[in-house]
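Written below as structure tokens is the structure these notes are about.
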Amino acid sequence: MSRSWPNILITGTPGTGKTTHAAQLLEALQAAPSTSAAPWQHVNVGDLVKEKGCHSGWNDEWQSWDVDEDKLLDELEIVQHPGAKLLDWHTCDMFPERWIDLVVVLRCDHSQLWTRLEKRAYGLSKIQENNTAEIMEVVLNDARESYAEEIVVELRSESPEQMEENVNRILQWVEAWRADHANDDDDDDDDDGEQS
Ligand code: ADP
């Protein structure tokens, strides 16, 4: 199975900058002549869970939806062809490995993260829980356990300059991926409808 364009998972503790990065990356990919032909789409998985009802209800203790993974994965079947999806979610270990070509794990200094989450009006326990998760590198460890080492990239997200650098770096990675898979479009023509 091959995709015409890569799928990128942008993950990290809430507040590290996933949605902001995905929005800027989308703009950059749509603007660059080398990548603008693809139907790039930013998929905010948390929003999708709510919009499509991929959950079994609100969990008061965790202050979040109890995700129905089967239903969510059905909704996300769209990622498989032709690719070009920017998946934005704080959980990274639920997707089939074959769906994802690059995993970007955003990291942030914990005191800066605390301030960002306070601005979001999170309750104290939710701020503490997320802050501890960032210090313990929970998402990074999950990513390393779930995907091949060479596709997991850890990037700092503590300033607009870093964000710009990250976006440029991912754009260059997409261009390299595309160059590496230049012949796959021909293969796709042969096996249409047999994506797995
Ligand atoms: P997430 O999607 O991971 O929950 P957001 O993208 O919503 O995080 O970012 C949370 C807040 O932090 C936003 O106000 C955003 O502008 C800010 N932020 C994120 N990344 C950076 C960065 N690299 N530099 C400065 N501010 C950032």
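First residue shown is number 1, and so on along the chain.
Glycine too: its Cβ is placed from the backbone N, Cα and C atoms.
Automated prediction, rather than curation, is the source of TrEMBL annotations.
The ATP binding site annotation in TrEMBL covers Gly15, Gly17, Lys18, Thr19, Thr20, Arg120. According to DSSP, Thr19 (ATP binding site) is assigned to a helical segment. If you take the C-beta of Thr19 (ATP binding site) and look for same-chain residues 6 or more apart in sequence within under 8 angstroms, you find Asn44, Asp88.
A Cβ distance under 8 Å defines the sequence-distant neighbours of the region 'NMPbind' (44-67), meaning residues of its chain 6+ beyond its ends; these are 19, 22, 75-76, 87-91, 94, 122-123, 126. Annotated region 'NMPbind' per TrEMBL: 44-67, in sequence order.
The region 'LID' annotation in TrEMBL covers 119-129. In terms of DSSP helix, strand and coil, the region 'LID' (119-129) has 7 helix, 0 strand, 4 coil.
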Query raised in the report: Near Arg120 (ATP binding site), which residues of its own chain have a C-beta under 8 A away, given they sit six or more steps off in sequence?
Result: Gly15
Report summary line: Restricting the binding-site residues Lys18, Thr19, Arg120 to those with Cβ under 6 angstroms from ligand 1 leaves Lys18, Thr19
Report task. Mind tallying the region 'NMPbind' (44-67) by DSSP state, helix then strand then coil? Result -> 7 helix, 10 strand, 7 coil
